[in-house]
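Visitor: One structure coming up, written as structure tokens, with questions to follow.
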């Protein structure tokens with residue numbers, strides 16, 4: 001990507017635009033002037049020192065276009081200095097990843113000349129976002145032209161404008177040439193090969209690249225399970241007693257799978273410079289406002305919210321709402337069982353092809369209802385998080401994690417409660433296999449339609465309308481930047497990797513929880529994930545706005561969620577083994593003894609699981625050595641600096 005003072009194709013801007021910033025069309029002129037000046041001002045006087053130009057769209061269909069759309073860019077020197085401000089890590093000449101500094105820029109590998117191409121697309125746009133987000137209020141009491149929009153000294157201007165609707169959106173622009181190359185190497189050719197994760201990381205950032213790396217790793221890790229599951233399905237389908245060995249293999253596999261992934265993610269993160277990178281301090285929510293108080297973390301005055309009111313919101317509203325949702329999940333599950341019993345009774349009265357198909361209808365309807373309820377729970381969890389999320393960072397993190405796990409509980413109950421009921425209350429293994437297969441296949445089809453195909457179809461219709469309007473107004477005159485910005489402004493916003501990880505989490509549950517009953521689950525998940533790679537790649541390139549890079553060193557709290565699921569899988573599979581007639585035959589007179597032995601085996605497997613997790617190091621040895629060397633060099637540099645300061649002090653005395 002060409003940076004600096006190059007001219008765009010349409011001469012609309014005197015620099016290469018990287019980020020689009022859209023204000024409300026009725027924004028006051030004094031507010032616009034004030035914001036643009038703050039963006040252009042030098043850093044030493046509190047500005048962002050970025051380049052910004054206005055885009056003027058022609059009127060379309062007799063309607064005036066929004067005049068308050070701007071493109072933001074930067075000089076290469078400013079981006080390099082910004083790379084130091086955000087704490088980017090780059091490979092040094094000695095092969096070790098070190099924090100980038102502008103003063104030592106020529107000592108870093110791949111830095112040639114003035115540094116053109118040294119920073120990736122995603123890094124450049126991330127730096128601009130950081131500079132915009134950290135544009136802080138100075139002595140202004142309110143936004144010019146908006147007396148009611150108060151400003152607090154030291155707080156983010158951009159976030160405040162966004163919370164009040166003055167700033168509609170800001171997002172990174174796609175680079176059409178780079179996107180074309182990435183699309184060709186990523187998904188346009190059907191091939192059995194690894195994804196171009198480094199290219200994905202350069203274009204979309206580490207967070208998305210890490211998700212696609214996990215998706216690829218999960219898919220390949222499932223291949224042994226799938227290969228073993230196929231013969232079990234073909235030859236021992238009616239005798240699930242013989243799946244004991246398959247269940248034990250599954251338990252060992254789930255532990256090794258997660259522990260080896262930690263090593264893989266550490267390797268990715270180190271090579272991408274995020275393993276040692278410190279996460280920036282997160283600001284309070286943009287929409288939060290209240291009386292000024294003292295923040296013990298930042299040492300500054302900022303809006304605070306009384307702890308008593310926060311607790312009342314959580315325990316009197318949020319927790320009862322969560323319990324209500326869980327009750328609804330169980331109620332819907334019981335309705336499903338009534339439908340299932342009705343379908344079975346109809347089939348028993350008149351067994352034929354039509355009534356045989358009817359047996360699958362309740363499971364299909366239930367799977368669709370599950371997906372709808374999961375979607376509603378997602379919106380509810382986001383609302384409760386934003387509503388109940390306080391202003392202090394520590395509590396904010398705790399509340400966010402709290403609702404994250406409650407949302408997982410919603411999905412877990414929705415997707416798996418009926419299967420647990422069939423397995424351990426009804427003890428109907430034939431119905432369990434049928435329900436598991438129907439839920440798995442139906443949810444996969446719905447996810448593919450809702451995540452990729454439907455959004456693409458809607459976006460394609462919007463693109464055609466925008467293209468026709470622009471051509472009708474401008475005729476044959478080419479304005480590629482204006483048209484691109486117009487198209488991307490109307491694209492849907494990508495909400496992050498939460499839903500993508502959630503889908504893989506549920507698929508992992510289907511595979512690990514009931515493997516000894518339905519060994520084909522791994523085969524279906526492998527097929528789903530192969531199509532998921534292509535559909536997710538397609539939607540990121542053509543359906544959604546380009547997201548800002550999110551630096552990530554691992555998959556975060558999802559690692560804990562997957563590990564929790566694997567522990568539940570140990571208990572579930574051991575219980576299923578204990579229910580088998582083959583095991584019960586060994587203890588014809590003492591059911592208590594059988595239960596004690598099954599519990600003992602479960603504890604042994606859990607102990608083995610934790611020992612295995614302890615034995616397999618999370619970070620490969622070579623990376624541990626490099627990290628230790630980096631820490632040693634940092635301490636040595638600090639010692640030299642302290643010694644130099646002491647010598648200067650002695651000379652002055």
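Here the Cβ of each residue, glycine as well, is placed from N, Cα and C on the backbone.
Curation plays no part in TrEMBL annotations; they are all automatic predictions.
Below are the features I grabbed from TrEMBL:
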- 200-629: domain 'Anoctamin transmembrane' (DOMAIN)
- 208-231: transmembrane segment (TRANSMEM)
- 243-261: transmembrane segment (TRANSMEM)
- 314-337: transmembrane segment (TRANSMEM)
- 357-380: transmembrane segment (TRANSMEM)
- 392-424: transmembrane segment (TRANSMEM)
- 436-458: transmembrane segment (TRANSMEM)
- 505-527: transmembrane segment (TRANSMEM)
- 594-616: transmembrane segment (TRANSMEM)
Visitor: Mind checking which residues reach the transmembrane segment (594-616)? Cβ under 8 Å, same chain, six or more beyond either end.
Guide: 248, 251-252, 255-256, 258-260, 262-263, 566-567, 570-571, 574-575, 577-578, 583-584, 586-587
Visitor: Among the recorded stretches 208-231, 243-261, 436-458, which has the greatest number of Cβ pairs closer than 8 Å to the transmembrane segment (505-527)?
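Guide: The listed stretch sharing the most Cβ pairs with the transmembrane segment (505-527) is 208-231.
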Visitor: Which residues of the chain, 6 or more past the ends of the transmembrane segment (208-231), have a CB below 8 A from one of its CBs?
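Guide: Answer is 194-195, 197-198, 200-201, 246, 249-250, 253, 257, 260-261, 264-265, 268-269, 272, 497, 500-501, 504, 508, 511, 515, 519-523, 525-526, 529-530, 532-533, 536-537, 540, 547, 550, 552, 554-555.
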